[in-house]
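Taken from TrEMBL, the feature active site, proton donor/acceptor covers ASP147. Annotation comment: TrEMBL describes LYS17, HIS207, LEU208, GLY209, ASN210, GLY211, ASP281, CYS282, ARG283, GLY329, ILE330, GLY331, GLU332, ASN333 as ATP binding site. TrEMBL lists ARG90 with the feature substrate binding site. Positions annotated as site 'Transition state stabilizer' by TrEMBL: HIS179, ARG240.
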Amino acid sequence: MSNSLVLVINSGSSSLKFALIDTVSGESTLSGLGECFGLPEANVSWKINGEKQEYKLDDSGNHHQQAVNRIVALLEELGIKQDIVAVGHRVVHGGEKFTKTVKIDEAVVQEIENLSDLAPLHNPAHAIGMRVAMKAFPTLAQYAVFDTAFHQTMPAKAYIGAISQKLYKEYGIRRYGFHGTSHYFVSREAAKMINKPIDESSFISVHLGNGASVCAIKNGKSVDTSMGFTPLSGLMMGTRCGDLDPSIIEFMLKKGWSPEEVFKELNSKSGLLGVSGLTSDCRGIIEAMENGHEGATLAFDIFTYRVSKYIGSYMVALDKLDGIIFTAGIGENSQPIRSKILENLKIFGYLEDEEANAAARFGNRGIITKPNTPVAMVIPTNEEWVIAKESMALLHA
Ligand code: AMP
């Protein structure tokens, strides 16, 4: 195990996820979560041998630093701190500045902070996480891995909006795309599954979690993706609306909503939650639908219809298609969602293999369409693994 461990950190505004990844075996030997930062119930918890342990943070403030200090103490208690060779940080927005993983120093943290107006909920929190980790692990190299980086290969026709170029040049308004680390990972795994080199393989990768996006991948490279300037566009999500006529925003403002209220409505109260009036959780939607709940049934229909439309339209971005890949919480686990999407795509020849679709759940991967029909597959994503591997690769570069 020694010299192969990377600590992966995903720092949010009120939370901090961490995972210790063994870059040789691919296993996560320890993972945990700090949450409720800024509140009296702030804590950090982790699982060892399936058993959850929780540590309460005190009210002296700076919960990010307290959480990381507790993680350091835990690693010392477990006798594995000395085996960690690098720290990898997940960063949501790299703008056009960061097209690949970079080694972190104070100048890089500053650049990531400078991109905060593009990702106000994420980048400032990442910068906090990096600074506390640099303090806690002063001798370790630290790396930033960007959700947007994989999409920097998109052609201009995919990332420039049909608006005045002035808005792109002055404000950087364009499609950036997110979930890049996930789309990158599952496409590499899919190429292995069909025994083809990744640079000769083309896929449509469908990441369906609380956040959801589709990515057209041509010869291993992202050529289009459904999230845009922010993660709000594209598919219907747990609480986000996805694509929407922009005039609706002006209409709501004229009706007396404030910009903040509109933002909150479209980001946090829409999607599966807004349409069903019930829950943002796909499991709850399916259960309610099976019990005849009308809102849940409509939410299911819109969700699956929109994913299918995106898949259909992304065939235009590719000159061949080796497979549709389903991943993330819903994509990896929900047989009914995948089944409906494949049914919607029957005009393209997709034919569900019901037994294979039922088996590809809870971490099991597999092809879920019938032999000799177009391929759709399920591949569990592993963003932490990519972050750890990229960090390790740069460490040894
Ligand atoms: P993620 O953001 O990738 O963690 O995915 C969260 C989403 O996955 C939520 O909507 C969950 O309801 C959904 N999910 C997790 N497990 C299942 C399952 N067994 N069946 C259906 N949806 C699931």
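One-based numbering along the chain as shown.
Quick reminder: no glycine exception, Cβ is built from N, Cα and C everywhere.
Curation plays no part in TrEMBL annotations; they are all automatic predictions.
Non-local contacts of ARG240 (site 'Transition state stabilizer') by the CB criterion (under 8 A, 6+ apart in sequence, same chain) comprise GLY211, PRO231, LEU232, LEU266, ASN267, SER268, SER270, GLY271. Here the C-alpha separation of the residue listed as 'substrate binding site' and ASP147 (active site, proton donor/acceptor) works out to 7 Å. Between the CA atoms of ILE330 (ATP binding site) and ASP147 (active site, proton donor/acceptor) there is a gap of 19 Å. Around the Cβ of ILE330 (ATP binding site), 26 further Cβ atoms fall within 10 Å across all displayed protein chains. Of all the recorded positions in the list ASP147, ASN210, ASP281, the shortest Cα-Cα distance to HIS179 (site 'Transition state stabilizer') is found for ASP147.
Highest local Cβ density among the recorded positions LYS17, ARG90, HIS179, ARG283 belongs to HIS179, counted as other Cβ atoms within 10 Å over all protein chains shown. Proximity of the recorded positions LYS17, LEU208, ARG240, GLU332 to ligand 1, judged by a Cβ distance under 6 angstroms to any of its atoms, singles out none of them. Annotated pair ASP281 (ATP binding site) and ASP147 (active site, proton donor/acceptor), C-alpha to C-alpha distance, rounded: 23 Å.
Between the CA atoms of LEU208 (ATP binding site) and the residue listed as 'active site, proton donor/acceptor' there is a gap of 15 Å. Secondary structure from DSSP puts LEU208 (ATP binding site) in a beta strand. Distance between Cα atoms for ASP147 (active site, proton donor/acceptor) and ASN210 (ATP binding site): 16 Å, as a whole number. Fewest Cβ neighbours within 10 Å among the recorded positions ASP147, ASP281, GLU332: that distinction goes to ASP281.
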